[in-house]
């Protein structure tokens, strides 16, 4: 919707301007190169007047062109190549002319021009470009090598390296200024940025050397130098287009951020008025998310917008006004409205999708230009070569795996013929054995048998006992594993015999999915060959058996199409990954610079100290709670789980912040942290929160939405790739498909006059409105029930339930009379109504017969709740609700294969989790407890589902790291009680979260957005939902479904159908007849 409104308002003007800027820059670059070449061939012995005139004309031209040059980030790379003297022709006054006549002056100018020409050629060279890139990477390496408790020699090397690199960057800046001229140099945004960073580094170095300030402070600007890595976009067109599109969207983002900031300020001031100083009702703990002052209110509102622990803040607000039993519930309206304003953040996703489309348009335009140049080049060649080129170009039409048509997915797959060439150098393509193997592997019974074995082997993997590896169950499953592996090995042998190994085209190993099959079977065979389970290699191989369900991909064509879309998205998402990783790395380096020295985050202070300032020696604890058995322990500084000790730890901490999980706790640790080996001070530096807010806005709000947008754009492009040569658009194709499949509805109208009266009543609009009101009243009665209600209120509710049940029973009886049972139960809604009525009657009967407490166990009161669903049937008569329901149904039809892929992903990760983390002991005070663990397959799936939603996933990851206590029933060796867990947990949980949160789950979003086009489409455009309405109204005039109606009913029919298919009820009858 955002994109369409933007198109109406601006007609995509920004994109056109961006494209024109790039075209202007290309033309300008070529023109300036031509000027430079003219200067290079300028003879040294020219007349003085000619030299002066040339130089002045060049300078004036340069001033004119550079003044109109665009100053976007991508263009700054090319503008570094701007050539010209950069001199101001206005300076040539009478004094300059007098000086220029001297012989020394002419020689100096000639020497100066010669040197600038050489320097300009050097600056423009590819060698100089890559030399600067190497220096930037060395600078990156120097900055990223800083960490907590680093040796003194490393600190000295880093200081020397920083000074040397600063000197080299200063030389680079001066050489560019000299060769390009100040005017041309400062046209480039990259050059301005370089000058700012270099000058800041020089000032910082001088101040630190003179001991005026500490090294911390402006040293953060060193990390900002890492943005210079974006210079690599000069030789990377797709990445350059992406960065250009992102920068082109800054205006929209700035406006959105301003609007967001105004929302935050308004709600912060309102929160201060409502809750200022009122969160101190619990004296046992100090609340951090409060509204006591304006900065703290801003942080609290921003936390609620991110959705992290917003409910805890709301509960504090309710308790501040007396709790839920009093008027405190009213204040929850404030938090609900604020949380609803979170929808404003979804505009970031809209901007991301819109600008990704711009980047793809730029790539397409550049490809078309390259193809046009190639076509012109081929046109000048011989006709023979032209024919050969055309033959080679034709198969390269699709950019990635082409998705199959929907009709093809349901068709029988064509059998792949036996490829030419011999198998094992023995069996020719006509050999009876090879032909027999080919027939066997393509027989539907054999294919279905392999699928059954894949499913059984997957079930056996999920049924293994991760704690007791030598249990009876595991022994039985081990024997079954031999059977499965033997069957899969037999299948591989048959396929290799039929298709050949790998030497010729079409052989077995030239298909990626076949290689996956070979990997899975090979892993199983190797694990059988090595019997010792203590060997780590064998453990890894046994974990790899979990890949067996992936073999089903090659046999389910619809699933294969979805997987291909995912692979295309992963392959094309590389540019986004590079930009995001670079920004993440830069913020991590800044975090290390800010927090490493003073340990603002990485020290986890001892919470026994209320006002800790210094490390206070020892403390006393009582063993097992026995006051007669005291123990003296020394206090130690404990490192925080997420810290900024080094760049890798900082990136890990910041990644958890980008997922919005636990970031307020990390923020307040950073605010309270004071110095090395010094305890925290409450709200010591609130200004440090700016770092986290900027990071969340750039990375979490925008860049993470770029990932989502890229998946959506890629999915939509792949879905339309097959039909790119079709003249019909997507909506027209769907209309044609619907029209081809549509059949008239048969409508029952009774012949008996008495029965017809009942039929007329139950089909009347008034009857429907009466039932609508009764359903609403019944819903209100159900919503009024509460805990601790009085006996009088309970009896009244029971009476009301009987009344409503009686009314709905009468409705069912009337419809049975009107339609007769045969036609009544053909409608799914009527069957649903009858089921609810029967359930309610049985519920009342059981309640009245048995009043004991045990009756609650068999109560079926929940049947009453389904009456609310009848509102959907009544509301579906409206145009908007019907369109929404149509979209909902269409989305569900497209989701099965996506859901199957997600189920496969959950299965694989659940089995891996059982194998690696299944022995971790369950503890009530730990995240691995009786509700969250990997000891059984259902529990593992439930735990992964929680991680996929993002709820405290990082806490579960920490609970699975090494050094955790093993389950008492597990078969660990003596002395290995605390050896469970693995560092593999970091890779495991991060990869799972990224696959789920950023890729797989967003396939649902892509499918729904693809179908929600109905909701945002212009109402005048014909869609399949209009045809569905036409079919429903047609049945009223053609109850026998004969496919024809009376000619007198045509005008009435068209007036009842809304445009674009009909005339609408507002159209006069006379006009409709014309």
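Cβ from N, Cα, C; glycine included.
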Transmembrane segment per TrEMBL - which of 739-758, 799-818, 819-838, 839-858: 799-818
Matching range for TrEMBL feature annotation, transmembrane segment, among 256-276, 277-297, 298-318, 361-381: 256-276
Annotated stretch (transmembrane segment, per TrEMBL) among the listed ranges 562-579, 616-633, 670-687: 562-579
Among ranges 431-451, 452-472, 767-787, whichever one TrEMBL labels transmembrane segment: 767-787
The annotated transmembrane segment range in TrEMBL, which must be one of 126-144, 145-163, 202-220: 126-144
Matching range for TrEMBL feature annotation, transmembrane segment, among 229-250, 383-404, 405-426, 647-668: 647-668
Residues from the same chain, set at least six apart from the ends of the transmembrane segment (647-668), whose C-beta lies under 8 A from its own: 144, 146-147, 288-289, 299, 303, 306-309, 584-585, 587-589, 591-592, 601-602, 689, 692, 695-696, 699-700, 704, 950-955, 986, 990, 993, 997
Segment-level pLDDT (mean, integer) for the domain 'Ion transport' (767-1019): 82
Cβ neighbours within the same chain of residue 308 (Ca(2+) binding site) - under 8 Å, at least six residues apart: 660, 661, 662, 663, 664
Considering the transmembrane segment (562-579), which listed stretch of 256-276, 688-715, 985-1009 counts the most C-beta pairs under 8 Å: 688-715
Tertiary contacts of the transmembrane segment (256-276), as residues 6+ beyond its ends and Cβ separation under 8 Å: 290-294, 297-298, 300-302, 305, 316-317, 320, 331, 334, 338, 341, 344-345, 347-348, 351, 697
For the transmembrane segment (985-1009), sequence-distant contacts whose Cβ falls under 8 Å of one of its Cβ atoms, 6 or more beyond its ends: 562, 565-566, 569-570, 652, 655, 659, 704, 707-708, 711-712, 715-716, 887, 891, 894-895, 898, 901-902, 905, 909, 912-913, 916-917, 944, 947-948, 950, 953-954, 956-957, 960-961
Cβ contacts under 8 Å made by the transmembrane segment (476-498) with residues that lie 6+ beyond its boundaries: 418, 423-424, 427, 433-434, 437-438, 440-441, 450, 453, 456-457, 460, 463-464, 508, 514, 517-518, 520-521, 524-525, 528, 545, 548, 551
Cβ contacts under 8 Å made by the transmembrane segment (688-715) with residues that lie 6+ beyond its boundaries: 246, 253, 257, 295, 299, 302, 306, 345, 348-349, 351-353, 356-357, 360, 565, 568-569, 572-573, 576, 579-580, 583-584, 587, 590-591, 594, 600, 654, 657-660, 663, 666-667, 670-671, 998-999, 1002-1003, 1005-1007, 1009-1010
Distant-in-sequence neighbours of the transmembrane segment (799-818), which means Cβ under 8 A and at least six residues beyond its ends: 750, 755, 758-759, 761-763, 771, 774, 777-778, 781, 824, 830, 833-834, 836-837, 840-841, 844, 864, 867
